[in-house]
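Visitor: Among the features that Swiss-Prot reports, NADP(+) binding site is placed at 11-12, 32-33, LYS39, LYS54, 75-79, ASN92, LYS143, VAL169, LYS177, with the record citing sequence analysis. Taken from Swiss-Prot, the feature active site, proton acceptor applies to TYR139, LYS177. Annotation source Swiss-Prot lists substrate binding site at ASN168, ARG179, HIS186, PHE200, GLY201, GLU202, TYR203, ARG213, TYR292, citing sequence analysis.
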Amino acid sequence: MTLIVTGAAGFIGANIVKALNERGETRIIAVDNLTRADKFKNLVDCEIDDYLDKTEFVERFARSDFGKVRAVFHEGACSDTMETDGRYMMDNNFRYSRAVLDACLAQGTQFLYASSAAIYGGSSRFVEAREFEAPLNVYGYSKFLFDQVIRRVMPSAKSQIAGFRYFNVYGPRESHKGRMASVAFHNFNQFRAEGKVKLFGEYNGYGPGEQTRDFVSVEDVAKVNLHFFDHPQKSGIFNLGAGRAQPFNDIATTVVNTLRALEGQPALTLAEQVEQGLVEYVPFPDALRGKYQCFTQADQTKLRAAGYDAPFLTVQEGVDRYVRWLFGQL
């Protein structure tokens with residue numbers, strides 16, 4: 001039976017394709033927009049049955065051109081939180097997603113899609129409930145509005161709808177994302193280019209490099225998606241983070257120590273890295289004051305209640321694996 005992955009040449013989409021391949025699934029239609037042509041590299045080691053441009057796909061899918069489709073993993077979106085073109089964002093993230101959803105509902109196809117923790121905006125609690133949702137940018141609003149649609153249609157849906165609010169995802173196949181790539185990716189490249197990693201200094205009561213995020217490995221993101229794929233009776237909107245807030249200092253020290261280990265050098269504590277100039281703190285930029293989240297942490301209550309009980313990688317585990325993967329790509 002056919003599977004479809006939108007955003008298949010993107011970061012999370014390509015990792016889902018690869019994870020499906022590792023289970024023997026190759027009857028996959030990959031959907032994307034390859035105007036940014038270098039994204040093709042994310043699919044070079046993957047097996048797919050067909051590729052379609054996103055515009056052609058949604059029209060053909062609505063006509064049921066692909067026969068029986070078991071599931072759509074809808075990862076395609078504009079994920080640039082700095083994008084200011086509201087019309088583009090709403091067309092790409094909201095209207096397009098509605099069209100894919102409508103086709104899935106009409107055909108009884110499982111619909112697993114990418115939501116975002118950006119929906120929470122400046123909230124201090126990260127629970128999948130309306131009172132904690134207050135997006136700060138049009139990207140977050142586009143995701144929020146679609147989740148609101150999902151809440152309205154889910155009670156009457158005859159097939160699975162599962163949305164995942166991704167927190168700070170890092171891992172292989174993100175190099176095309178540029179400024180929107182993970183901190184781990186940028187720290188890796190910065191250390192190799194300059195011999196040091198730069199982090200923000202003290203801000204809003206947090207010490208240098210102590211601002212925290214829920215950093216989640218794309219490996220775990222793919223596992224959660226496949227868990228729900230395997231349990232089509234489970235529907236809902238779920239936080240998808242490690243459930244653990246860790247400071248940016250943890251990312252930096254892990255990147256530095258993993259690269260040192262690859263060169264046969266011993267690990268250093270954060271204090272030693274700072275003393276040796278391997279980690280440097282820069283003044284917090286004025287442009288980000290009042291617009292910056294100093295803390296995020298996914299509430300996993302709903303995810304665990306839905307039956308996902310596997311542990312999530314820590315920063316130390318996941319970033320170490322990722323740095324070794326990046327090093328192997330050089």
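Cβ atoms are placed via backbone N, Cα and C, with glycine included.
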Visitor: Of ASN168, HIS186, GLY201, TYR203, which is closest to ALA77 (NADP(+) binding site) if I measure between C-alpha atoms? They're all binding-site residues.
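Guide: Nearest candidate: ASN168.
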Visitor: Based on Cβ atoms within 10 Å, give me the single least packed residue among the binding-site residues ASP32, GLU75.
Guide: ASP32
Visitor: Relative to the Cβ position of TYR292 (substrate binding site), how many further Cβ atoms are located within 10 Å?
Guide: 14
Visitor: Please give me the binding-site residues out of ASP32, LYS39, GLU75, ASN168, TYR203 that lie within 10 Å of TYR139 (active site, proton acceptor), comparing Cα atoms only.
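Guide: If one measures from the Cα of TYR139 (active site, proton acceptor), no binding-site residues come within 10 Å, so the answer is none.
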Visitor: Nearest to LYS39 (NADP(+) binding site) by Cα distance: which of the binding-site residues ASN168, HIS186, GLY201 is it?
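Guide: Sorting the binding-site residues by distance from LYS39 (NADP(+) binding site), the top entry is HIS186.
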Visitor: Roughly how many angstrom lie between the C-alpha atoms of TYR203 (substrate binding site) and SER79 (NADP(+) binding site)?
Guide: 26
Visitor: Closest to PHE11 (NADP(+) binding site): which of the binding-site residues ASN168, HIS186, GLY201, TYR292, going by Cα position?
Guide: ASN168
Visitor: Which residue, out of the recorded positions PHE11, TYR139, TYR203, shows the minimum number of other Cβ atoms inside 10 Å of its Cβ in this structure?
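Guide: If we count Cβ atoms within 10 Å for the recorded positions PHE11, TYR139, TYR203, the smallest count is at TYR203.
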Visitor: Return the residues near GLY201 (substrate binding site), defined as same-chain residues 6+ apart in sequence whose C-beta is under 8 angstroms from its C-beta, sorted by sequence, else 'none'.
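Guide: Residues satisfying the criterion: PRO208, GLY209, TYR281, VAL282, PRO283, PHE284.
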Visitor: Express in Å, rounded to the nearest integer, the largest CA to CA distance found among the substrate-binding residues ASN168, ARG179, HIS186, PHE200, GLY201, GLU202, TYR203, ARG213, TYR292 named in the record.
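Guide: Spelled out: the longest distance between any two Cα atoms in ASN168, ARG179, HIS186, PHE200, GLY201, GLU202, TYR203, ARG213, TYR292 is 22 Å.
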Visitor: Report the nearest neighbour of ASP32 (NADP(+) binding site) in space among the binding-site residues ASN168, HIS186, TYR292, comparing Cα positions.
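Guide: Checking each of ASN168, HIS186, TYR292 against ASP32 (NADP(+) binding site), the shortest Cα distance is to ASN168.
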Visitor: Quick check: of the binding-site residues listed here (ASN168, HIS186, TYR292), which one has the Cα closest to that of GLU75 (NADP(+) binding site)?
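Guide: Closest recorded candidate to GLU75 (NADP(+) binding site) by Cα: ASN168.
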